[in-house]
Amino acid sequence: LVQPVTPDLLVSPSSQNGDLGSECPEDRGNWTGRLDFLLSCIGYCVGLGNVWRFPYRAYTNGGGAFLVPYFIMLAICGIPIFFMELSLGQFSSLGPLAVWKISPLFKGVGMGTILIVSLVAIYYNMIIAYVLFYLFASLTSDLPWQHCGNWWNTDLCLDHHIIKAGNTTFPVNITNTVSPSEEYWSRYVLHIQGSSGIGDPGRIRWNLCLCLLLSWTIVYLCILKGVKSSGKVVYFTATFPYLILVMLLIRGVTLEGAWKGIQFYLTPQFDHLLSSKVWIEAALQIFYSLGVGFGGLLTFASYNTFHQNIYRDTFIVTLGNAITSILAGFAIFSVLGYMSQELGVPVNQVAKAGPGLAFVVYPQAMTMLPLSPFWSFLFFFMLLTLGLDSQFAFMETIVTAVTDEFPYYLRPKKALFSAVICIALFLMGLILTTEGGMYWLVLLDDYSAGFGVMVVVITTCLVVTRVYGMKRFCRDIHMMLGFKPGPYFRSCWMVLSPATMMALLMYNIVKYQPSEYGSYRFPAWAEVLGILMGVLSCLMIPVGMVMAVLQEEGTLWEVGVQQASRPAMDWGPSLEENRTGMYVASLAGSQSPKPLMVHMRKYGGITSYENTAIEVDREIEEEEAESMM
């Protein structure tokens, strides 16, 4: 006898009958432990920016006074958008592309997100490769950037020990000299003297190339089995940095002159609060530190169980991220205070941000400490673990997004597909390992995730609250968590968050400054290329709209646009037992528009969420009655 085949459209996502239904969502995977999701989010948010961007931003924007706009912007932008992304991912159990079943007309937002994350993943792993290079270089009794006299040093190189000795017979002009750590970074690691600019990349630095290959190999092995493997790795990569950070903090505050650096870091200058720039800087720090708009939060939440308490997790991660940034500032500036005292220069002359802090200033400070290789190894191992779990999130976002689009072809071959993605991004990142690779890295860093991410977040906010509907979104959260978001979240989603993001976007456009690296100014064609990188992710939105409308039948506006903006028929919780209220009608074989009690009897009778489901149905009936009057 031939078994009857259920048509594809009638196979529910959790159906156990039929080959297609059995693959989804069981084969998609879930977190295997209670803390997997929480630690993955902490590891994703707490990254390199907490160490090398926040402390510098704080001291240049009012010191301790910067914390006022920082926490206000966290409340207005950070927490609400963070919770929105987690809610979308957990409710639908879908990645950044497939989640746009919520409104297929805007699927281009997901396409733009994937493009941004791919570009970021290319250069972010190159930074991890630099960290690996320094990590291996620290495995020695004498750090290679400790003294001058090496083949890569120039006549401008000045050893800090000479300054400290103070017994030279000639006056030392520090402003016209270069530290050994700076020459080690630029002339040995990067070998940037072999390139005349971004148009002349020069030769591949094979030691950097091997470090990049190693970093991609580590990332692949950790995401090999999806969240089942990366969810276990983060137990180490998300927690160990805190141990090292505390060790560096204790060592830092016990150094002579440490208080000078901490005072420089936190002395409040409240007059700065009258400047709009300080508030914009606070919002930017929150925006990029939490990683909203990159799809990582949505992806991680999509592997949760349907009733996971993401409301609690939101506050744990966002506040934990803020506290970590502040602690990192103490660890960094206490050492910089000691360094400024040793060199006899003000703190502001040694304080830097970004790669300059991680690969020049802090390594130089390490050479001034006893057991300098040990402290150097700890510092770079901390940076490695901070960077890796952020990279896990980027890769998981890309892989999940594409496999959710083609689940029956790619999901059984997820390990192979992940390998293909890693190899492709490694090959595209080879230009970053050349002598002029730093110029390309700066270009990618400045443009790949600039205004594109802001456009993605603003569009997501507007679509969820205005196209899909605030009332319906809150009802979905009610079904999932057992309570509705309060006035704070609703007011932020409707007005405050998108308005603040639009102000950020306008500020970035009005205050646009061409890229630069040290004294090098990028040529016009490089600037145009960078702008195109940013604009391309935004162009994905209208491209997605055109594709969605063309797939609909009928006239352009009345049928095409309106139909494409409505949620897809299979939008909702992925598991049948979680589909209650209005979502039951979209299940395979459902005839009644409100078969709630039949559904609950089929799946175990009375459940802990029965009252919630009944309330949702009652609200729908009341709305329908009001609309008919």
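Start at 1 and count along the chain as shown; that gives each residue its number.
Even glycines carry a Cβ here, placed using N, Cα and C.
The model shown is predicted, which means the values in this text are computed figures rather than measured ones.
According to TrEMBL, the feature Na(+) binding site maps to Gly43, Val46, Asn50, Ser289, Asn321, Leu386, Asp389, Ser390.
Per TrEMBL, the feature disulfide bond maps to Cys148-Cys157.
Taken from TrEMBL, the feature region 'Disordered' covers 1-23.
According to TrEMBL, the feature transmembrane segment maps to 37-55 (among others).
According to TrEMBL, the transmembrane segment annotation covers 67-88 (among others).
Counting same-chain residues at least six beyond the ends of the transmembrane segment (109-136), those with a Cβ under 8 angstroms from any Cβ of the stretch are 48, 96-100, 189, 207-208, 211-212, 214-216, 219, 293-296, 355, 358-359, 363, 376-377, 380-381, 383-384, 387-388, 390-391, 394-395, 397-398, 401-402, 425-426, 428-429, 432-433, 437, 440-441, 444-445, 448-449, 452-453, 455-456, 459-460, 463, 533, 536-541, 543-544. Marked as transmembrane segment by TrEMBL: 109-136 (among others).
As annotated by TrEMBL, transmembrane segment applies to 233-250 (among others). Outside the transmembrane segment (233-250) by six or more residues, the chain places 35-36, 39-40, 42-43, 46, 222, 324, 327-328, 330-331, 334-335, 375, 378-379, 381-382, 385-386, 388-389, 392 with a CB less than 8 A from a CB of the stretch.
Per TrEMBL, the feature transmembrane segment maps to 282-303 (among others).
Residues annotated as transmembrane segment in TrEMBL: 315-339 (among others).
Summarising the annotation, TrEMBL assigns transmembrane segment to 374-394 (among others).
What TrEMBL records for 415-441 (among others) is transmembrane segment.
Feature annotation from TrEMBL assigns transmembrane segment to 447-468 (among others).
The annotation transmembrane segment is assigned in TrEMBL to 488-509 (among others).
Packing against the transmembrane segment (529-550) from elsewhere in the chain are residues 100, 104-113, 115-116, 119, 443-444, 446-448, 450-453, 455-456, 459, 515, 522, 556, 560-561, 564: each is 6 or more residues past its ends and has a CB under 8 Å from a CB in it. What TrEMBL lists as transmembrane segment is 529-550 (among others).
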Contact yes or no, the transmembrane segment (374-394) and the transmembrane segment (282-303), 3+ Cβ pairs under 8 Å, gap 6+: yes
The transmembrane segment (315-339) in contact with the transmembrane segment (488-509), cutoff 8 A, at least 3 CB pairs, sep 6+: no
Same-chain residue ranges lying at least 6 outside the transmembrane segment (447-468) that approach it to Cβ under 8 Å: 81, 84-85, 88, 102-103, 105-106, 109, 112-113, 115-116, 119-120, 123, 287-288, 292-294, 493-494, 497-498, 501-502, 504-505, 508-509, 515, 530-531, 533-538, 541, 565, 567
Cβ-based neighbourhood (8 Å from the centroid) of the Na(+) site, residues Gly43, Val46, Asn50, Ser289, Asn321, Leu386, Asp389, Ser390 excluded: Ile42, Tyr44, Cys45, Gly47, Leu48, Gly49, Ala238, Pro241, Thr324
Spatial neighbours of the transmembrane segment (37-55) far in sequence, C-beta under 8 Å, 6+ residues away: 31, 127, 227, 230-231, 234-235, 237-239, 241, 265, 285, 288-291, 296-297, 300-301, 303-304, 308, 313, 316-318, 320-321, 324-326, 328-329, 332-333, 353-355, 357-358, 382-383, 386-387, 389-390, 392-393
Alpha-carbon spacing, Val46 (Na(+) binding site) to Cys157 (disulfide bond), which is rounded to whole Å: 35
